[in-house]
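Chemist: Take this structure first; my questions come after.
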Amino acid sequence: MLAKTIQYWRDYGFIALVVLCSTLIQVMQPDSNLLLRYQNNMAELDQWWRLLSGNFAHLGWEHLMLNASGLILMAVLFRNHFTFMSWFLTFLICGTAVGGGLLIFNPELIWYVGLSGVLHGIWGVGAWLDIRQGINSGFALLLVLIGKLVWEQYSGADIGLAETIGGNVVVDAHFYGGVAGLLLGALFYAIRLTPEQTPKPAIVD
């Protein structure tokens with residue numbers, strides 16, 4: 001039982017913490033969003049935590065549920081590639097890339113919330129690690145991600161998605177997170193910073 005618990009914590013522990021934190025932030029709206037959301041004047045306010053914390057806040061419950069569902073899907077698809085610490089590293093780098101990219105290249109954007117940029121980063125890392133382990137679908141995932149990022153830069157946001165979440169979709173956040181994930185995944189692919197995918201032994205209670 002203990003071994004099974006440790007395995008679940010390794011595979012899903014960090015993801016569970018992210019969903020829990022995002023849910024608590026949503027429960028404490030609107031004060032939590034005002035404190036945590038990305039803002040373009042964070043440097044003037046000396047509130048640099050917003051660079052990362054804005055990824056965990058959301059516009060509303062629909063927005064949160066959509067991102068949480070995507071995050072859980074990523075966790076299931078790529079669970080053999082990640083440990084608790086590599087999940088943490090991926091979130092830290094991709095989340096900071098989203099906030100940093102918006103701050104540098106989108107100074108006109110007043111504020112931003114949501115995990116979608118980080119999700120695109122996880123997608124990029126996971127696709128590379130699929131390829132490293134000889135999983136052919138990794139190539140398809142990589143090409144679809146690159147195509148999506150390029151398409152959004154030319155065509156803009158999905159209007160239907162904007163209506164669902166109750167606000168504008170910031171496609172540049174997808175781009176910054178996705179590019180960070182592609183670069184980080186390429187690094188993992190090249191120097192093997194994450195565990196090899198090996199069949200996990202069956203655990204019997």
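Just so it is clear, glycine is given a Cβ too, placed from its N, Cα and C backbone atoms.
If you look up TrEMBL, you'll see 46-189 marked as domain 'Peptidase S54 rhomboid'. According to TrEMBL, the feature transmembrane segment maps to 12-29, 59-78, 85-104, 110-129, 136-154, 174-191.
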Chemist: Mind looking up the mean pLDDT for the domain 'Peptidase S54 rhomboid' (46-189) in the predicted model?
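Modeler: Averaged over the domain 'Peptidase S54 rhomboid' (46-189), per-residue pLDDT gives 96.
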Chemist: With DSSP, how much of the domain 'Peptidase S54 rhomboid' (46-189) is helix, how much strand and how much coil, in residues?
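Modeler: Residue counts for the domain 'Peptidase S54 rhomboid' (46-189) by secondary structure: 112 helix, 2 strand, 30 coil.
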